[in-house]
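Here is the structure we will look at, set down as structure tokens.
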Amino acid sequence: MYCKRMVQERIRGEAMTNRLSWQDYFMANAELISKRSTCDRAFVGAVLVKDNRIIATGYNGGVSATDNCNEAGHYMEDGHCIRTVHAEMNALIQCAKEGISTDGTEIYVTHFPCINCTKALLQAGITKITYKAHYRPHPFAIELMEKKGVAYVQHDVPQIVLGGDKEQ
């Protein structure tokens, strides 16, 4: 029934109103990926995108094969949990390990990047940062983005229900 309705809409020239925009699609992916986070101080997900294709994802968690916050607790220094690798860094590291260029890429991330992630993203050639939560934006991070001409855009994705009724 769902497919039949879509075909009928196409035949009549009606737009499909339930199709996600690229921004919503990538931010929804970042939100989903954040569910893998192992640090409960912030569930963060990141998606690196080039030419509307996902090239890497990341979430915040401990270094591979070491303790995570959800297992060993937080390792706090100066108000920050230093046990975790941030989602943005994990996505960049995934590209580095696989030999994938990040030059000219965009990132979708659930939280505004910290200053260290911002510097890494700019050095990696990221051209646009789209984030959901305006979480403690560092003034120097904003200054660096503006100096480099990197757009930073807040974007909240509408709530998406997965599965369930096919007639949505």
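Glycine is no exception: its Cβ is also placed from the backbone N, Cα and C atoms.
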Annotated companion of Cys114, Cys117 at the Zn(2+) site, TrEMBL, chosen from His80, His86: His86
Assigned element (helix, strand, coil) containing Glu88 (active site, proton donor), judged by DSSP: helix
Cβ-based isolation winner (fewest other Cβ atoms within 10 Å) among the binding-site residues Cys114, Cys117: Cys114
Zn(2+) site, defined by His86, Cys114, Cys117: further same-chain residues with Cβ within 8 Å of the Cβ centre: Ala87, Glu88, Met89, Pro113, Ile115, Asn116, Thr118, Ala120
Between Cys114 (Zn(2+) binding site) and Glu88 (active site, proton donor), the C-alpha gap once rounded to whole angstrom: 9
Averaged pLDDT, computed only over the residues in the domain 'CMP/dCMP-type deaminase' (21-143): 93
Number of other Cβ atoms within 10 Å of the Cβ of His86 (Zn(2+) binding site) across all protein chains: 23
